[in-house]
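Below: the structure, in structure tokens.
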Amino acid sequence: MESNNNNLNLDMEKDQETTFDYSKRAQWLRAAVLGANDGLVSTASLMMGIGAVKQDVRIMLLTGFAGLVAGACSMAIGEFISVYSQYDIEVAQMKRESGGETKKEKLPSPTQAAIASALAFTLGAIVPLLAAAFVKEYKVRIGVIVAAVTLALVMFGWLGAVLGKAPVVKSLVRVLIGGWLAMAITFGFTKLVGSHGL
């Protein structure tokens with residue numbers, strides 16, 4: 001009898017594993033990967049842009065820090081509004097389907113998504129800040145930022161692909177090309193504008 005109960009418990013655990021709702025995981029993964037990539041690329045691009053016209057490390061770091069704070073706040077607010085809108089839609093849908101009853105534990109939390117997005121953005125933004133903080137030579141600093149951002153993009157791209165069960169190589173190529181383009185365009189345009197004294 002006891003062995004039958006054990007078998008029943010094992011079967012129930014297997015059923016729970018096979019019926020696991022991956023939509024929550026996808027929501028968190030999307031917010032975390034987007035936040036980290038955005039923090040990494042936007043802060044690095046901002047620092048590279050300022051670096052194109054001002055070689056002072058202090059100005060570059062202050063600009064990067066301002067970008068970190070503004071970006072983390074923006075990501076948190078945007079994610080909160082987005083997830084709250086989704087939450088409202090899903091609650092209304094559940095009420096229509098079940099006659100007024102809702103199972104709110106299945107729904108994503110807007111506050112948690114906002115916090116996760118802000119933390120992920122901050123984590124990404126810290127990479128170029130730390131890379132630039134200890135290098136005084138301008139050209140070396142730019143090279144170190146690009147190298148650190150490239151390494152972080154590879155890590156974030158790989159992690160996102162593995163957790164999301166997506167093709168790793170395609171994910172890495174997309175992430176790397178996007179990051180490099182953003183930094184190159186920002187640097188180039190700022191250099192162009194700065195050289196004309198605007």
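Placed from the backbone N, Cα and C atoms, the Cβ positions cover glycine too.
According to Swiss-Prot, Leu29 and Val173 sit on the same side of the membrane. Only residues 6 or more beyond the boundaries of the transmembrane segment (33-53), in the same chain, are considered here, and those with a CB under 8 A from a CB of the stretch are 59-61, 63-64, 67-68, 71-72, 75, 79, 116-129, 132, 138, 141-142, 145-146, 149, 152-153, 156, 159-160, 164, 175, 178-179, 182-183, 185-191, 193-194.
Taken together, the residues in the topological domain 'Cytoplasmic' (1-32) have a mean pLDDT of 55 on the 0 to 100 scale.
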